[in-house]
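Participant: Please read through the structure below; I'll follow up with questions.
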Amino acid sequence: MIAITLPDGSRREFPGPVTVAEVAQSIGTGLAKAALAGKVDGNLVDTSYSIDRDVALAIITDKDADGVDVIRHSTAHLLAYAVKELYPDAQVTIGPVIENGFYYDFAYKRPFTPEDLAAIEKKMTELSRKDEKVTREVWNRDEAVALFESMGEKYKAEIIASIPADQEIGLYREGKFVDLCRGPHVPSTGKLKVFKLMKVAGAYWRGDANNEMLQRIYGTAWAKKEDQEAYLHMLEEAEKRDHRKLGKSLDLFHLQEEAPGMVFWHPKGWQVWQAVEQYMRGRLTAAGYDEVRTPQVMDRSLWEKSGHWQNYKENMFVTESEKRDYAIKPMNCPGHVQIFNHGLRSYRDLPLRLAEFGACHRNEPSGALHGLMRVRGFVQDDAHIFCTEEQIVAEAKAFNELAFSVYDDFGFKDVAVKLSLRPAQRAGSDEVWDHAEEGLRLALRACGVDWEELPGEGAFYGPKVEYHIKDAIGRSWQCGTLQLDLVLPERLGAEYVAEDNSRKRPVMLHRAILGSFERFLGILLENHAGALPAWLAPEQVVVMNIAESQAEYAENVVQSLLKQGFRAKADLRNEKITYKIREHSLQKIPYLLVVGDKERDANQVAVRARGNVDLGVMPVSAFVERLQQDVTNKA
């Protein structure tokens, strides 16, 4: 008998081998119809997979995240099937699942047009309605290579030829189309009902710029129509909020080809930057951090000791001077260890918290650069905590509380926490990792937060806590990290004198809350659609006169606001007041003050809040009180 244990703990027994589909049928017709795949002892398999031993089994439907991934993977193959039907000369390459969708790369003699995409999507719908069965076949490698070569599919043949000869090859067949894939796939094309092709872009074969340029068709696929509609609406909102457009329209920053991946900050954009930096500086000082500054360029020997030269060199900008090799720092940690090492440290000095708004540079591929979100030159709110093993929990707890408080001040109330655990390849003993992982768990538990654990996702030198913030349109952004480093202090010779006068290695906690300033400012701009709260807005107030006779009064109001620390300016142009109001409203200024003769004579201002909200006429002192409250409350 074969015993199948289901997710609810119940068991079903079968006299002999049984497929996932047959198990689903034994539970109920509805489940059998909904089944997309199975999960056998944690591994995803097709519904046709035959079970010949005792296992734990979950039936995967479109209600499961794994089920949606199977739908997307299968839709990528449906896309390739449709392309081959319409354009037989096109050659197929690869088609993986990505976040919210999939893509497939093709080699074809001409670029695909928007009209082609519409025709391909229509053909995909036709193939879905045919509800053709999707079957898995096992081939040996050489026969599979010969098959694809005979079909003129040189790219697919090349992929298969790179697989070890003794490894079985899985091919999936639907109708006239056959493709290489590890699977699993939906049982038939009729399961694929909700999809949309999004765009076409260029992509190099195997990601190598020296290879041929292919065409990558992107698509999205979902279990339900309403899920896809919500996603497409979110994309429309994201397009409106694109920080690159806002940067231009609000005159905050620009990028140009002469400095790829590096930002030219304009006065208003730099004002926002300074508001964020000064806020973070105040929070770090209050939390017991000492701010430091380390060199931008350091000798190769230091990067060799830290391991960056061996493991990270291709992402570093390097240079030579007087026959010595140097690198522009891609991160701040080795420099902070040098400060720790400068002088003899005692256990009484710990924990030592060193913070730096450190400018770093990483040689990211030009094709990966994206506005402020992916750059080559960036500044981090970086800090490193040197502490004893006994202090890990308290320091991690304090950091977690600080991070949540900062996110709350910036308006991010929904924060997800993930704990990345030991990878297969790692430094340090299991005992040390047990202690490190449990220390981070204890800290998170002490803070009362829920977290998701990601086995195998930690760095080789230690486990990591990640902080993911959700923005106004539901997108998740990973910003903060807390990483426990068991390796760098040893590589760079960091030590302190313990209470018993022995020499010990400190534990090193790498931590950041915002991450890259550039990226965080991009997230902020998109979250608020450019309408930054008053405490962050580059211009908090614009004072406008109706006629020349109020110009002096308007200027006096501005000077009064400036002296009280607010960011204000006067618009004294000889233009209609409606024109001025409209122009500054488009610049998303939090408050517009209008002054005429009545306001001047009474020492008052007519106040309009952003969004064309008329707050009426009030004394200047009352407006100042309101604005100060906004700034204090981070409104």
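Yeah, the Cβs are placed from backbone N, Cα and C, and that goes for glycine too.
Swiss-Prot feature annotations, pasted as is:
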type	residues	note
DOMAIN	1-61	domain 'TGS'
REGION	242-533	region 'Catalytic'
BINDING	Cys333, His384, His510	Zn(2+) binding site
Participant: Taking the region 'Catalytic' (242-533) alone, what is its mean pLDDT?
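Facilitator: Across the region 'Catalytic' (242-533), the average pLDDT comes out at 93.
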Participant: So, by DSSP, how many helix, strand and coil residues make up the domain 'TGS' (1-61)?
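Facilitator: Output for the domain 'TGS' (1-61) reads 14 helix, 25 strand, 22 coil.
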Participant: Around the C-beta of His510 (Zn(2+) binding site), how many further C-beta atoms are within 10 angstroms, looking at every protein chain?
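Facilitator: His510 (Zn(2+) binding site): 22 neighbouring Cβ atoms within 10 Å.
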Participant: Applying the rule Cβ within 8 Å of the centroid of the Cβ atoms of Cys333, His384, His510, what extra residues of the same chain belong around the Zn(2+) site?
Facilitator: Met331, Asn332, His336, Val337, Asp382, Ala383, Gln483, Asp485, Leu488, Met508, Leu509, Arg511
Participant: Which has the fewest other CB atoms in a 10 Å radius around its CB: Cys333, His384, the listed binding-site residues?
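Facilitator: Each of the binding-site residues Cys333, His384 was scored by Cβ atoms within 10 Å; lowest is Cys333.
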Participant: Could you check what DSSP calls His384 (Zn(2+) binding site) once collapsed to helix, strand or coil?
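Facilitator: In three-state terms, His384 (Zn(2+) binding site) counts as strand.
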